[in-house]
Structure formats: C-alpha cells, structure tokens
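S.K.: Below is the structure I would like to discuss, written out as structure tokens.
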Ligand SMILES: O=C(O)C1=C[C@@H](OP(=O)(O)O)[C@@H](O)[C@H](O)C1
Ligand SMILES: C=C(OP(=O)(O)O)C(=O)O
C-alpha cells in the first residue's frame, strides 16, 4: 500500500449505507473458547480484521515460534491458552508488542503452575512457555488497572483448571465491559461464572460447542459517527450494530448525542443524522478507551472543549496514544494537556491550514479517528494500511460514501 493517501469530499454531504466489520474482540474470544470446547463450534461473521485472521491461523499452527504481531488480544489470550494447555511455544510480536507489559498475566499464570520465561526484558514479550504443572491453586489476586485483557485471558482458561478459579480484582477496574463480554461469551459456550463485588468465580467445567454470531464492531462505528458530526448534511445507515451489545463501545451512541449525532436503532442497525452539538463535554473513558481518539479528534475539529478522565491505559496500546494525540492536535492548531493528574483537556483551535496531515504511529485508530476531518479540509494520512488491524475495508467504505482518495507513493 501507498505511503500516504489524501482524502477529500466533494460536497460534504453524506448519504450512505455501510456494512460495518465484525468485532475483533468478540471474534477473538469466540475463537479461543470454541477451540477449548473442542473446535467443532460454528462461528459466523468472523471479523476480517487482521487481529482475528491472525488468531485463526495461529490456533492451527504447529510452529514452535508464534508471532502475535501487534495484536494485544492475540498475545495475551494465547499466553494463557498455551500455558495452561501445556504447549511449548515461544510467543513474540512486533517491536511495539515487546514494549507492551505482560507481567501481571505472567505472574498470575506462574502462580497457577505455568512455566513462563522472559526471553528479552523482564515483564515483556517475547515469552518462552513450557509444560504446565497445575498446583491446584484456585484463588488469585490480580491488578485490574493496567489491562483487562490479562483478566479475560485468565477467565477463558479458568474452566480447565482442576478447581476452577476465584479471581480477586485489585484497584480500579479498567475496560470493565471487556471483562463482561468475556463472561457473556463464556456463558454462551456453557461455562458459568459469577462476578460479585471484586471477585469473579469460575468453577471447573467443560465448555460446550455452540454456534456463535459475531456482532458488528461498535468501535468501527465511532468513525462514522464522527463523519456525520462533521458533514454539512448527513443521513447514514450503519448495518449491523446492535443496541444491546456485548461491546462497551456501544456507548458511542450516547457520547455522540452531545457531539451532534442523533441515533435511531432499527432492525438492521442504526441510522445517524446530524443535530446541534454542545460546546463542552466531560467524559470518563475508563469503560471505552478505544473511543477516546475518535472523540478527541472530533472535539478538536468541532470546536468542543473536552475534558477527559480514564485515559491511563492509552499509554500502553498500539502506540502511546496520549502522546500521539498531543502531537497531531498541535499540527491542526489545537492542544491536549493534562490539567491535573489524570485529567486531560482538549482546547480546540481554529483550523487555518488549507490541508491537514496526520501521522499514524502504527495505530489503526489514529488513521481512522483523523480521516473524518477531511470533511473540513483535505487530509493526508500517513501509512494508511494500519487500518487492517481492525477495519481493512475502511478506505473502500469511505470511497463508497463519496470521499475521493488519492494514493501517494
Ligand atoms: O479485550 C479486548 O478485546 C480489548 C480490551 C481493551 O484493552 P485493555 O483492557 O488493555 O484496555 C481494548 O482497548 C482493546 O482494543 C480490546
Ligand atoms: C488497543 C487495541 O487493541 P489491542 O490491545 O488488542 O492490540 C485497539 O484495537 O485499539
């Protein structure tokens, strides 16, 4: 793919209907659990996202060395899966993946009897996973303020442990809807669990093969909301997303009420139209960190002052997303600052440049969050192929919606 692309929209009017990609988060849980249930389950609407295609391939691979690339769920879920099913593997990933911490998960698995060694820096991939010598331990304490993926990874293998698992979550619970999603999908495959107070209890039991339909991706929907908010006129139908979703990112429908988008749920998905937006917004992203970039870029473009909390996990995702946002906002004349510890404010400026240029930092969400600004001025996006991680058809869908795309060498 090209080094960059330039996006423009000839009219700024959006009338379109878009079929959203499937959720990689749901798909990757279904893949792990259906494998643990014997591999005969029928999975429908598996995501075309690279993160899901990759996990599907890796689960069938006999290789000794497994490359999780830049997929956090793949790295974390496979660590627990290989460790507890006694598969000897070296598990590695991109340079960035080898900077994303995994100690909390490795410590927990070691306490359960797993043999895992660090091949590079202590606390980070690559990992060497050896035979599992279950020690009958069934109660663990685990920090829940770094990544929920450690907890999801442990929960999915918990039914296999001879005495099950009682997991006590310590500290703030970040990304909680993803933990609830894991438990819901486990239940779909016949595994019971209870989440009371800070403790999740999973008895020893067998998963049952079941067919599973992966829902459309609400995180992907967020970029279309942003386009509606920035269009001169818009009537956009998104096919697929469900009101009562497993995904916490369905919160985008509520957030965008404040930012100028009115949502109607239909039997097919959602219909989005433009409405007036507010001038200030205060939001806690602890439950939906993947929406933060969309909301930051949109607020800066709309002239909304945005105050945010719950961004702690953004520093250890595909890139340091706080730093990446701060740099790219400056380039468009806006600012994002930490006003008091943990509280960030976006102070929008006025876009004076004739065209905008955004770097993407190997982060799909940087590309997709800033692309909608092309409804205001021509936008150049660097390394546009990053979208393949979660939404490979993103650029084709923009063309379908009337955007012009010029690929630059
Ligand atoms: O479990 C999941 O599918 C995910 C959990 C979240 O990560 P954290 O729990 O690390 O915040 C989210 O950001 C990521 O895109 C997907
Ligand atoms: C953080 C993300 O993914 P992961 O942690 O699974 O790499 C994401 O998709 O925004």
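Any Cβ shown, glycine's included, is placed from N, Cα and C.
Predicted, not measured: the structure shown is a model, and the values here were computed from it.
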S.K.: Can you find which of 130, 284, 290 TrEMBL lists as binding 3-phosphoshikimate at the same site as 24, 25, 29, 147, 148, 149, 175, 317?
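M.R.: My reading of TrEMBL gives 290 as the candidate in that site.
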S.K.: 24, 29, 72, 290, 317, 365: which of these recorded positions put a Cβ within less than 6 Å of any ligand 2 atom?
M.R.: 72, 290, 317, 365
S.K.: Looking at the binding-site residues 24, 365, which sits with the largest number of other Cβ atoms within 10 Å of its Cβ?
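M.R.: Per the Cβ count, the most surrounded site is 365.
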S.K.: Measure from the Cα of residue 72 (phosphoenolpyruvate binding site) to the Cα of every one of the binding-site residues 29, 148, 175, 317, then give the nearest.
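M.R.: Of the binding-site residues 29, 148, 175, 317, 317 has its Cα closest to that of residue 72 (phosphoenolpyruvate binding site).
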S.K.: Can you tell me which of 148, 149, 175, 290, 389, our recorded positions, come within under 6 Å of ligand 1 at the Cβ?
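M.R.: Once distances to ligand 1 are taken from each Cβ, 148, 149, 175, 290 fall under 6 Å.
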